[in-house]
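For reference, TrEMBL has these:
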{"type": "DOMAIN", "residues": "9-400", "note": "domain 'Major facilitator superfamily (MFS) profile'"}
{"type": "TRANSMEM", "residues": "75-93", "note": "transmembrane segment"}
{"type": "TRANSMEM", "residues": "99-122", "note": "transmembrane segment"}
{"type": "TRANSMEM", "residues": "134-154", "note": "transmembrane segment"}
{"type": "TRANSMEM", "residues": "160-181", "note": "transmembrane segment"}
{"type": "TRANSMEM", "residues": "213-234", "note": "transmembrane segment"}
{"type": "TRANSMEM", "residues": "254-274", "note": "transmembrane segment"}
{"type": "TRANSMEM", "residues": "286-306", "note": "transmembrane segment"}
{"type": "TRANSMEM", "residues": "374-393", "note": "transmembrane segment"}
Amino acid sequence: MLNDKPSRIIALCSVANFINSADRVIMPIAIVPMAQEFKWDLHQQGWVLSAFALGYMSSQVVGGSAAKKYGGKKILSLAVILWSLSTFLVPLFSHSLYILILSRVLLGLGEGLGLPTIFHIFSHAIPCEERSRAFGYLVAFGSIGQTVASLVCPHLPWEWMFYFFGLMGFTWVAVWASMYADSRGALDEEFVDPPKVNNSNVRWMEFVAHWPLWSIYIAHFSMNWSNYIVMQWLPTYLSSTLGANQSHMMSTAVPYIMNSLVGVVAAHFADALIAHKWTVLSVRRLMTTIGLLGPGLFILFFSAVYNLPLAVFFVSVSLGLSACNSSGHLSNHAEVAPNHAGITFAISNTLATIPGILCGPLTAELVTQSHGRWLPVFVIAAGVNFVGAVIYLSQSAASQVL
């Protein structure tokens, strides 16, 4: 498999996303012993945790533009070095809260460069009939990274959580530098599937002037709304509503395992449909519909049961089906905007980070105002998914618009 260049690129980029996703979940685990050691209050902990989002949102579009200008190899190398260095040095920064917060911003900056650059690389180097597989493995490895970090980190001293995954990033950069070469120099990169119109100069308004692009942006936003609800609040919900204890919290890894498995299966299924003469558009719409309507439906089932194993099953199916989006709207960037897939994904991912900021305070307010009832939270999440599916079904395209 790795002798084949597209497969090698998919493997290398998927491992980069594994490290990317693992690095994000270290601090929420490590902050418990760190706060005890350094006597941080809740407000100080909040600043440490939220600083990542500031850097992450600010570098998305920069990543897509820089990859187009300087080439995917250089920018992805820079991204992994930046986020790995900011991870590795956390134990040295931790004595100063302000320097630690700055390092968290740098972590977000590095990770914000990463995925738009990978989308740029995939749009150039991965043939259309293999893109579902590429994005499926990319997303699946991200979920595996979150799962591994969640299972490994609690058994390590908090300093070694950061050392271990930081060293993993530096090792990846060395392998990447020796195994991947841009097909041509920076501005003159070669496409596996040349776009019909090689328009390199596009006004910025064009990125928000086409409904096929907005259908992707809205689908991505909708997917992330329910995903952030699960990621941020699942342990709290299981504990407060279903009486889960600390030993039960290991079950919160199950949805991520399901997400990675379904993502890979869905990716191969989507590519098989294209190989059997399904149109690319019909496959993208099918996978996005499953990836939005399915999670919306199962998160409602999840909210309606008060049996812990059944609740974990329903939320795992919900997050698992969400992985179908990797073969749907997430793969659609390279078809709608092959020259600018890194930039369109950067815009999409920036908008899709908004739920990560809103879901925390909004969920807390809804549960408080509902006197401890979580149903409004899950109904809104399902509704956002359903609206996103309708818009994508009616407005998406697989032909080039940029």
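For all residues, glycine too, the Cβ spot is worked out from N, Cα and C.
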Ask   = Taking pairs 6 or more apart in sequence, does the count of Cβ pairs under 8 Å between the transmembrane segment (254-274) and the transmembrane segment (134-154) hit 3 or more?
value = yes
Range from 75-93, 99-122, 286-306, 374-393 with the greatest count of C-beta pairs under 8 A to the transmembrane segment (160-181) = 75-93
Inquiry  = For the domain 'Major facilitator superfamily (MFS) profile' (9-400), report the average pLDDT of the model, please.
reply    = 87
Remark   = Spatial neighbours of the transmembrane segment (134-154) not adjacent in sequence (6+ beyond its ends, CB under 8 Å) are 6, 9-11, 13-15, 17-26, 29-30, 118, 122, 126, 161, 164-165, 250, 252-253, 256-257, 259-261, 263-264, 266-268, 270, 323, 325-327, 330-331
Inquiry  = Cβ under 8 Å, sequence separation of at least 6 from the ends of the transmembrane segment (374-393): give me the contacting residues as numbers and ranges.
reply    = 214-216, 218-219, 221-223, 225-226, 229, 233, 237, 241, 285, 288-289, 292-293, 295-297, 299-300, 302-303, 328-329, 363, 366-367
Ask   = Other than its close neighbours in sequence, what residues sit by the transmembrane segment (213-234), given a CB gap under 8 Å and a spacing of at least six beyond its ends?
value = 207, 252, 255, 288, 291-292, 295-296, 299, 315, 318-319, 322, 325, 328-330, 332-333, 336-337, 344, 347-349, 351-356, 359-360, 363, 377-378, 381-382, 384-385, 387-389, 391-392, 394-397, 401-402
